[in-house]
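Enquirer: Quick one: the structure is below, questions incoming.
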Amino acid sequence: MQSRLIPDSAITASSERINYLRASRARLHMRSFYPWLPAGWSAAVSDHKQWLEINLELKTIVTGIGTQGLSSRWSPDQWVTSYQVSHRDKADEKWVHYQQQGHIKTLVGNKDAESVVINQVEPSFEAVCVRLHPQSWHRWISMRVELFGCPVSSCFMTLGLRDMRIPDMAFSSSSILTQANAPSRARLHLQIGKFQAAGWAPARGDNTPWLQVDLGNRMIIAGIGTQGGHYFWWSTGGWIQKFKVSFKSDGEEWQIYGQNTSEEELVGNSNINLVVINKLSQPFVARLVRIHPIVQTTYGYLRLELYGCPDNNNCDSSPCWNNATCKNHLSSFSCMCLPGFTGETCETDIDDCSSSPCQNGGSCVDHVNNFSCVCSQGFTGLKCESGYNESFLLTFLSFTMAFRVIILKPSCTCGRRTTRRIVGGKRALPGEWPWQAGLMVKNTKQIYCGGALINQEWIVTGAHCVTYRNASTLMVVLGEYDVTRKEGIELFREVDGYQLHPDYHLLTADFDIALVRFKPALSQFSRFISPVCLPTANESFPAGTNCTVTGFGRLTEAGRQATTLQQAVLPIVSRDTCQAAYPEYNITPRMTCAGYVAGGIDACQGDSGGPLVCRKDKIHWYLAGVVSWGLGCAKPESYGIYANVPVLASWINVNYCLMTFS
């Protein structure tokens with residue numbers, strides 16, 4: 001609410017004392033333009049029948065509620081001292097009171113007008129609409145509110161139409177009713193402007209109208225929200241009652257959305273303002289999306305929002321080896337191997353000598369997708385199947401050895417050592433880093449991000465590792481050392497949920513930290529599984545401190561994944577030095593840098609979210625950083641960027657259970 005992602009029209013109340021203290025003013029930390037005027041919602045009557053309602057539009061897990069009172073220079077402070085909560089999923093459903101242990105729960109409110117009181121909602125509840133019912137108050141019913149939680153689906157985020165992330169130029173249409181109905185006016189909750197309508201509408205004679213949105217990149221489309229619109233505030237306006245959807249990506253043909261090859265008509269609106277959200281049973285991937293009105297009122301106004309999440313092209317990192325073709329899927333990839341290669345990423349050269357092709361005692365030499373035979377005396381031929389002459393044998397042997405030299409010859413760049421991994425790192429020993437955790441997708445059982453164990457049921461990782469991911473599809477592995485075999489020391493746990501830092505920014509990678517809770521909790525620790533120490537906010541790791549980063553990431557920038565846990569020692573780099581190496585980026589206080597100016601050793605893809613640990617008092621290791629980002633892997637003058645754990649330590653310790661979504 002504070003960030004205004006919840007529109008004014010979605011906040012209503014039973015009554016309002018004056019227009020200036022209307023429901024939409026009930027946002028946490030709301031301030032008036034004139035400092036002597038109060039800010040917040042205030043009811044017209046102070047009795048137990050009053051309520052404040054927030055429509056979240058999407059089904060949301062509510063984990064906390066924060067409240068403030070109302071104050072100004074010229075009026076007495078006032079606030080709500082206790083309140084109850086009710087919720088529901090649909091407009092035609094009954095309100096359900098929030099309960100604990102079978103009884104309606106009364107939550108503690110405020111003791112003054114400005115202090116924020118946050119009530120953790122345990123157990124949490126799922127809802128679309130939430131109401132707060134004041135039970136007691138100081139002077140008058142007055143509130144400012146924030147809700148905390150997360151969407152039920154991790155792939156059902158707004159894709160940027162309403163909040164202007166999608167620019168006006170990305171909208172186009174088959175026609176427009178008037179210049180006031182430009183395609184870019186088709187944004188959910190957009191209001192009437194000067195000579196501008198609230199909504200797009202096609203021309204009256206357009207028999208096949210459409211509105212198109214270019215999302216800029218491939219997105220997974222999981223839902224479509226629509227509203228009607230109007231030009232004048234007193235007019236009835238119009239809306240679209242039924243519509244179809246088509247979509248395409250670069251280099252593809254337009255497709256009509258539907259199931260089992262049949263086109264599907266989606267239900268639209270029945271009035272101007274009510275938002276109708278169609279959740280797609282079969283989400284699709286597209287960059288361009290078109291809405292095709294089928295049935296509409298006289299003037300078919302449309303305001304629109306698309307819901308989903310980015311489609312990460314899993315082939316961008318070139319995971320397939322030996323010139324194999326990579327095929328991208330929604331949450332994975334597959335490799336189509338050339339003849340002679342096998343393995344999940346076509347990394348294995350099939351042993352062409354396994355069938356013993358050489359005859360008459362000949363020795364087989366395996367090459368890349370080929371073999372040659374060194375024949376016993378008296379035989380020759382491709383497989384030593386016939387007699388020979390000695391000069392031919394000598395020539396053949398010379399050729400074979402020359403061929404092997406060509407195969408093994410390194411690159412022509414002289415004087416540089418081939419980078420190793422954690423790029424430039426070395427293999428760790430079992431139990432050497434017992435807090436190392438791995439995040440994996442259940443259906444692949446492959447570690448895609450690292451983490452650090454901090455107690456019996458929580459790990460710390462990067463926020464980018466879990467953003468847009470469904471917790472029910474993830475697992476945590478602890479005690480892992482060799483991913484190719486079971487050693488009997490590893491433990492697998494289901495992910496119970498995760499919490500991103502509320503200020504995490506996907507584009508800048510600021511506050512790139514998250515907490516992941518697994519279940520069941522550990523009953524005991526061992527020498528292979530035990531937590532890392534967390535630093536306090538007052539601790540620091542100055543430039544020059546040698547620390548260690550660990551993980552299962554790629555051994556080279558575009559190379560294969562490590563099969564055993566890797567480690568590398570890296571010095572902490574000052575923020576000024578790091579900022580100078582990244583002049584186009586903002587290295588914030590929530591980031592710390594580590595690495596060598598010459599490169600060669602670094603964290604890389606797959607190490608994301610993993611721990612950077614530093615030793616203190618020669619005994620204990622502390623979590624100093626969480627692998628966040630960098631330009632390439634182990635490149636000269638490109639340091640690795642890590643979430644600065646000491647700066648973020650207070651959030652880890654205090655905010656285990658709260659995460660703002662609004």
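Even glycines carry a Cβ here, placed using N, Cα and C.
TrEMBL entries are annotated by machine, without manual review.
Grabbed the feature section from TrEMBL, which reads as follows:
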type	residues	note
DOMAIN	1-150	domain 'F5/8 type C'
DOMAIN	155-309	domain 'F5/8 type C'
DOMAIN	311-347	domain 'EGF-like'
DISULFID	CYS337-CYS346	disulfide bond
DOMAIN	349-385	domain 'EGF-like'
DISULFID	CYS375-CYS384	disulfide bond
DOMAIN	422-657	domain 'Peptidase S1'
Enquirer: Tell me the Cβ contacts of CYS337 (disulfide bond) under 8 Å, same chain only and six or more apart in sequence, or just say none.
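Expert: CYS337 (disulfide bond) has long-range Cβ partners CYS320, ASN322, ALA324, GLY343, CYS346.
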Enquirer: Please name the residue among the disulfide-bonded residues CYS346, CYS375, CYS384 whose C-beta has the most neighbouring C-beta atoms within 10 angstroms.
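Expert: Counting Cβ neighbours within 10 Å, the top one is CYS375.
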Enquirer: What are the DSSP helix, strand and coil residue counts for the domain 'F5/8 type C' (1-150)?
Expert: 9 helix, 74 strand, 67 coil
Enquirer: Three states by DSSP: which one describes CYS346 (disulfide bond)?
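Expert: The residue in question, CYS346 (disulfide bond), is coil (DSSP, three-state).
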Enquirer: Mean pLDDT over the domain 'F5/8 type C' (1-150): what is the value?
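Expert: Averaged over the domain 'F5/8 type C' (1-150), per-residue pLDDT gives 90.
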